[in-house]
Amino acid sequence: MRMIIGILTVLFVISIFPAIGQAAPDVSANNAVLIEQSTGRVLYEKAAYEQASIASITKIMTALIAIESGKMDEKAKTSRKAIYTEGSSIYLEQGEKMKLEDLVYGLMLRSGNDAAVSIAEHVGESEEGFVFLMNEKARWLGMNNTNFENPHGLDSDNHYSSAYDMALLMRYAMENEKFRTITGANSYRSDNRSYSWINKNKLLTQLYEPTNGGKTGFTKKTGRTLVSSASKNGMDLIVVTLNAPDDWRDHINLYEWGFEHYQLETLSKVGNVTYRLNNSEEVTATVAEEIEYPLTEDEKENLTKNTYLLDQREDKEIIGRTVFELGGEQLVETPLHREKQENIVSSVLANYKKITGISKW
């Protein structure tokens, strides 16, 4: 029978409630969210889980599916359907063959709807097939308030997402090195063109130096939409705004507020930790992963660390867990592993190999 045999509580100097004077800035957006990238913690939200039209920030998913397809070096042939897709364009010509990687740059930097359709037809074998892949990926990511009907984001009644879902998508996408390179490029020139495409994301190119990625969007019906990411002081943040007349300012203000009031705190470090139980017995456990979490200075005053140890008579790899809470709400937990005891024979053998030169020191 599993039972808790030890509880240790440590109070750090943290509050789940923002301190007076730390209120987030007002935003022009109908829907907005600010998250910390490594943990996904929501630092600010305004109707962030509400379904809404999203316009061309749809193309983050289109780019991601293309990158993960493994076909970036292949050339896609432009169809009649692609060149007659309305809206922003990279001016593909019917029958033109362009490398998929170039199309993704044109998609992300210039928001080319023709590029979106060409990508979809090449990767998904049809636009409908590609949209199926987009929705499957959305389900896998937990984007529960999202449904895609096209690869470009032109208005459609059943094409929608939420600010939070788009932040989830951007968080995942930024883990992909190729995506980070493309979304963070100021400009790019395809071998098919004699000129460079300049990124439409003015946060990246002009307005906010910490910006390292994002995607713009706009239709008359949807208004201005924007996803962006920024890094400063060792912390990575993501902002999403939907229907935001003053989106550049919204993003800058939310970033400045987030970077000012939050910092990544190390909650646990890798290594062995010894605990004394109620019966004075000592148990040593191994923490296998460093835990960092974004916290305000005020939150540090009430952060609670509880360690729960299981019955040590059971031969289990996991012998307990450490839970970090704020105001009774669990933030994160880390498993405690049984202390690694080095086998004497293997230790002697390893030293013998070093002495005899069989292995390097």
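These residue numbers are counts, starting from 1, taken along the chain as shown.
Using the three backbone atoms N, Cα and C, a Cβ is placed for every residue, glycine included.
Because TrEMBL annotations are produced automatically, they should be read as predictions rather than curated entries.
Worth saying up front: this structure is predicted, and the values here are computed from it rather than measured.
Annotation source TrEMBL lists domain 'Peptidase S11 D-alanyl-D-alanine carboxypeptidase A N-terminal' at 22-245.
Taken from TrEMBL, the feature active site, acyl-ester intermediate applies to SER56. For the recorded site, SER56 (active site, acyl-ester intermediate), the DSSP three-state label reads helix.
For LYS59, the entry in TrEMBL reads active site, proton acceptor. Taking a C-beta cut-off of under 8 angstroms and a sequence separation of 6 or more, LYS59 (active site, proton acceptor) has the following same-chain neighbours: LEU107, MET108, SER111, ALA116, PRO151, HIS152, GLY153, LYS215, GLY217.
Residues annotated as active site in TrEMBL: SER111.
In the three-state DSSP scheme, LYS215 (substrate binding site) is classed as strand. For LYS215 (substrate binding site), the number of other Cβ atoms no farther than 10 Å from its own Cβ, over all displayed protein chains, is 31. As annotated by TrEMBL, substrate binding site applies to LYS215.
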Next item on the list: Give the three-state DSSP assignment (helix, strand or coil) for SER111 (active site).
Entry: coil
Item checked: Residues satisfying Cβ distance under 8 Å from SER56 (active site, acyl-ester intermediate), sequence separation of at least 6 -> SER88, SER111, HIS152, GLY153, LYS215, THR216, GLY217, PHE218, THR225
